[in-house]
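To start, the structure under review is shown below, and the notes come after it.
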């Protein structure tokens, strides 16, 4: 008896140790996954500028992750449970890391970043000379990229189509991330002690949350670093992180996340298929299995039975799919969750660009605030939502009402944002005439003024200066400036004739390098905006927790896996892929000044009409959210009618499913599509 007890105790210890090792490794892989995902979102604007592409194309690159995921999600879901799950997760982590490193590679092959492609400046000129012809832009070395990093040739200068490597790397990252979540969850569910799976999944997701926080903090740090840090003399760089041409060290984030992902993949290849069996037992089982399959009759019979089984499964799969697609409640659920999640995807993708264009925030500042304020608010909201559902044992109607409250809060927050939109900056040549006296109807082809018409300026140039009248000018030349302080900082330009036209009483008609900052009123609006953003994130996270339970309560129990999988596929294809593209295309239409290379090709946008941009962006989000309220109202009505007098309380199993809801649902990062066998 003592021997048997000792043997059982040893087996239990082996199982416990093997399972805990898997749990630790899976937590580490969740951290790596979170790093790569957030780096992609917060680096979108940097990638747009570095590769001189539009916001819509940057949105397509962002959506390539979902494209890669859709390629293999069915294969992984069907065969994953039948193969060696730890090894598949290891392969996935390795592919994630390889994809992230591939995304960073263009940085090492493109050459140095030129932030003044539009300008040709001769560094040999004396920058302190007074020139009556206003050609200050042709003799200031301080306004251009240092001469040692000047590229030759149009194609080489523009970086050609190197963004394709980022696209392919992000797609490969999507392929690699596919097996991590579904196979990790199923492995925990199969081998965890009864009733403990929710605790373990909560632990793994909590580790993933720490990865998100680290990603935002590192993203904030990398955004402060110049893209070519370590390669150029930073003292010669005359732009700051608030400049619309600034590109941070976007590649460092992908390099870090790639290395972490590859390191996390290695231990998975040494884990057993089943932690309950020691190695010797697994070898014996494999040997017996080989002996059995040597019988040809058994092989033929197994093959025949397998064909029948596959045919039955395929038929059952399509019957199950038809069943959920003819379920009115499920169809309504898919539509309103798609619209609701599309609004959040747009916010996450373009919040940095909106904060920059509306309030003049740098990417570094926005990343920091998101990491320390908004993200914890979302996490607390998710846990609060779960507590409310458990505490009050909400029925289907109660869950739908909670979702309705979430959508209502989100809609109201978008309406409030309209009152927090700042007026577009006063920019001579875009929103004002060059003399600054009157506004213009259109920013296209604004005629020169008498203050700079004889200066022979390049109107495509973007070297913004701020006059002491509070107006931004496209370049020192277009401001009519005739001299400068040279290389001394802060860099000031003097005798600016277009600034003089305003009629300042003093004779100091000067301008300093860079765009004019936002006024105090706009700065106050920015703080209110972010407070509402945090409250909106918290309250909406409370309501969105109910979606994970609704998805399985409105279909038959045997169809819940298929229902969740199909819902995830729709969120990815119509949400994760399309939303960044059509929101990016909308943002592009609000651009007032595009960069150009030496070939004259259009690059990234330098400045937007912030008033129109805010109205269009928040207006489209309102257009997405308002139908959600209508559909939720219909949904509640149909639920009351269909389940009138029936018990629609959340069961114990469904509460466990709700416990497993996490931020990946908010970010549309579910990775589970069921196999036909599971139906």
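A Cβ is built for glycine as well, from the same backbone N, Cα and C atoms used for every other residue.
Where the annotation comes from TrEMBL, it is an automatic prediction and has not been curated.
Pulled from TrEMBL:
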TRANSMEM  21-40  transmembrane segment
DOMAIN    22-642  domain 'Major facilitator superfamily (MFS) profile'
TRANSMEM  60-81  transmembrane segment
TRANSMEM  88-109  transmembrane segment
TRANSMEM  199-223  transmembrane segment
TRANSMEM  250-273  transmembrane segment
TRANSMEM  329-352  transmembrane segment
TRANSMEM  368-389  transmembrane segment
TRANSMEM  396-420  transmembrane segment
DOMAIN    445-500  domain 'Kazal-like'
TRANSMEM  527-550  transmembrane segment
TRANSMEM  562-583  transmembrane segment
TRANSMEM  616-639  transmembrane segment
Practice task
Find the member of 21-40, 250-273, 368-389, 396-420 that has more C-beta pairs under 8 Å to the transmembrane segment (329-352) than any other listed stretch.
Solution key: 396-420
Exercise for the section: Would you mind giving the whole-number mean pLDDT across the domain 'Major facilitator superfamily (MFS) profile' (22-642)? Expected result: 82
Exercise for the section: Return yes if the transmembrane segment (616-639) and the transmembrane segment (88-109) have at least 3 CB pairs under 8 Å (sequence gap of 6 or more), otherwise no. Expected result: no
Practice task
Report, as numbers and ranges, which residues of the same chain sit near the transmembrane segment (199-223): CB under 8 Å and 6 or more residues beyond its ends.
Solution key: 23, 26-28, 30-35, 37-39, 42-43, 46, 184-185, 188, 192, 241, 248-250, 252-253, 256-257, 362-365, 367-368, 370-372, 375-376, 379, 659-660, 662-664
Problem - Closest-packing stretch to the transmembrane segment (527-550), where packing means Cβ pairs under 8 Å, from 21-40, 250-273, 368-389, 562-583 - result: 368-389
Handout entry: Same-chain residues at least 6 beyond the ends of the transmembrane segment (250-273) whose Cβ lies under 8 Å from its Cβ atoms
Key = 18, 21-22, 25, 28-29, 31-33, 35-36, 39, 42-43, 46-47, 50, 84-87, 89-94, 96-101, 103-104, 106-107, 169, 176, 215, 218-219, 222-223, 225, 227, 279, 282
Exercise for the section: Could you put numbers on the helix, strand and coil content of the domain 'Kazal-like' (445-500), residue by residue per DSSP? Expected result: 4 helix, 10 strand, 42 coil
